[in-house]
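Visitor: Just lifted these from Swiss-Prot, have a look:
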| type | residues | note |
| --- | --- | --- |
| BINDING | 33-40, 60-64, 78-81, 145-148, 178-180 | GTP binding site |
| BINDING | Ser40, Thr62 | Mg(2+) binding site |
| DOMAIN | 25-199 | domain 'EngB-type G' |
Amino acid sequence: MPINLYSKAVFLKSAARVNQLPEDSGYEVAFAGRSNAGKSSALNCLTNNKNLARTSKTPGRTQLINLFSLDEQRRLVDLPGYGYAKVAMEVKLEWQKNLAHYLEARQCLRGLILLMDVRHPLKDLDQILVNWALHRELPVHILLTKADKLSRSEVKNAVLKVRQYYELAEHLVSVQAFSSVKKDGVEELISLLDRWYEWN
C-alpha cells in the first residue's frame with residue numbers, strides 16, 4: 001500500500017478570489033465538483049482526517065477556495081462546489097468566473113481531480129470544467145464518487161461510459177470509481193497524486 005503523505009495536510013487559508021491565493025509556485029492539485037458530489041468527504045477520506053474539509057448537508061455551502069498545505073511546496077486546493085439550484089444566479093456566475101480564472105491562470109496547478117456522482121456523471125458544468133482544463137492541456141482525473149450506492153457491474157459500466165466519452169483525450173483524462181464510505185479507490189488516487197506532486 002502506498003504511504004499516505006496526505007494525512008499530514010493542514011488548513012492553510014481560504015480565498016474568495018484568485019488574487020488572494022498564496023504565491024503561484026510549487027505544486028497544487030485542485031479538487032472540483034458539483035455541490036453534493038462528495039468532494040469534502042473524498043478529501044477527508046484521502047487525508048484520513050474527517051474534520052479537514054467541512055461536509056455539509058446544504059449543497060453550495062463551500063463558496064471559498066480552501067487551501068491545505070502538505071509541505072512548503074505542495075498544496076491541496078478545494079474549489080467551490082458548483083451547480084446548486086438554490087444559489088442566486090449572480091453568486092453562481094461569480095463562482096464560475098473564479099473557477100475559470102483559477103484553472104486558466106494558476107501556473108503551479110499540476111492537475112484537476114473532478115468529482116462526479118457515479119449515478120449522474122457528465123453534467124453540463126462538469127463537461128465545461130473538463131474543457132477548460134483540456135484547453136490548457138491540464139491533466140484531469142475523474143473520480144466517480146458514491147460507488148457504494150450502485151452494484152459493482154453498474155459502477156464498472158459508469159466508469160466505461162465516462163472513459164469512452166473522453167477517449168479522444170485519454171492522454172489527459174483518466175477515470176476511476178471511488179467510495180469515501182468504503183474507502184474504495186483511495187490507493188489508486190494516492191498513486192496518481194504522488195505522480196502529480198512528484199514526491200521524491
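Glycine too: its Cβ is placed from the backbone N, Cα and C atoms.
Given the structure is predicted, the values throughout are model-derived calculations rather than measurements.
For each listed feature, how buried is it and what is near it?
Guide: A simple way to gauge crowding: the CB of Lys39 (GTP binding site) has 26 other CB atoms within 10 angstroms, across all the protein chains here.
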Visitor: Just to confirm my parser: what is the rounded mean pLDDT across the domain 'EngB-type G' (25-199)?
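Guide: 91, rounded to a whole number.
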Visitor: To the nearest whole angstrom, state the Cα distance for the pair Lys146 (GTP binding site) and Ser40 (Mg(2+) binding site).
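Guide: Rounded to a whole number, the Cα-Cα distance is 12 Å.
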Visitor: Highest Cβ count within 10 Å among the binding-site residues Gly33, Asn36, Pro80: which residue is it?
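Guide: Answer by Cβ density within 10 Å: Gly33.
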Visitor: Within 10 Å of each Cβ, count the other Cβ atoms, then let me know which of the binding-site residues Ser40, Phe178 comes out lowest.
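Guide: The binding-site residues Ser40, Phe178 were compared, and Ser40 has the fewest Cβ atoms within 10 Å.
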